[in-house]
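Lifted from TrEMBL, the feature list:
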BINDING   His88, His90, Glu94, His133  Fe(2+) binding site
BINDING   His88, His90, Glu94, His133  Ni(2+) binding site
Amino acid sequence: MVRAWYMDESADDQRLEHHRNPPKFIEISDLSKATGVEHFKINHESFETDSVLQNLRKERGYSYEDEFQTEESKPDYEAKLRTFFTEHIHTDEEIRLCLAGSGYFDVRDANDEWIRIEVTPGDLIIIPSGIYHRFTLDTKNFIRVKRYFVGEPVWTPYNRPADDMDARLEYLRKLKAGF
């Protein structure tokens, strides 16, 4: 089951949970209303035939997919982790289905506070374009995900500040109007 919570301000290891004291969890339905982030539970063992995923792919036009895996034993592990943890936006949605392992997606709320979203096998997360976010592994140091795209994949992260970009301005408009 996916969990989400507001993060503390600690500079400790990014792979730790970073709960506030006391912890402040946020329900996934409230997370969606507050940030536009969507979550779906998918049968990760038979994801190719999962009806929820098939419907999402059809409704949203996901026409390209690939698989990505990161683990501590890979030669570029440290560099990749730093890149993923740099706060950024994208001009397209970011769609990730966790197939194995676990990790955290961090997103900013309307008050610019970090919310940490834990993903485990079967969690499909859709991060809207224009939202400031980042990713990190947890202390298990391993995740395998499917990535979905509309058309050809767009890999470009725009590091903060990117407040004048159309994707960011559109996200802020949606945030103000309500998701």
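The backbone N, Cα and C atoms fix where each Cβ goes, glycine too.
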Counting across all protein chains shown, how many other Cβ atoms sit within 10 Å of the Cβ of His133 (Fe(2+) binding site)? 23
Would you count the other CB atoms within 10 A of the CB of Glu94 (Fe(2+) binding site), including those on all shown protein chains? 21
Packing count at His88 (Fe(2+) binding site) (other Cβ atoms within 10 Å of its Cβ): 18
Not counting His88, His90, Glu94, His133, residues with a CB within 8 A of the CB centroid of the Fe(2+) site are Ile89, Ile127, Ser129, Ile131, Tyr132, Arg134, Pro157
For His90 (Fe(2+) binding site), which residues in the same chain are close in space, meaning a Cβ under 8 Å from its Cβ, but six or more apart along the sequence? Ile127, Ser129, Gly130, Val154, Thr156, Pro157, Tyr158, Ala167
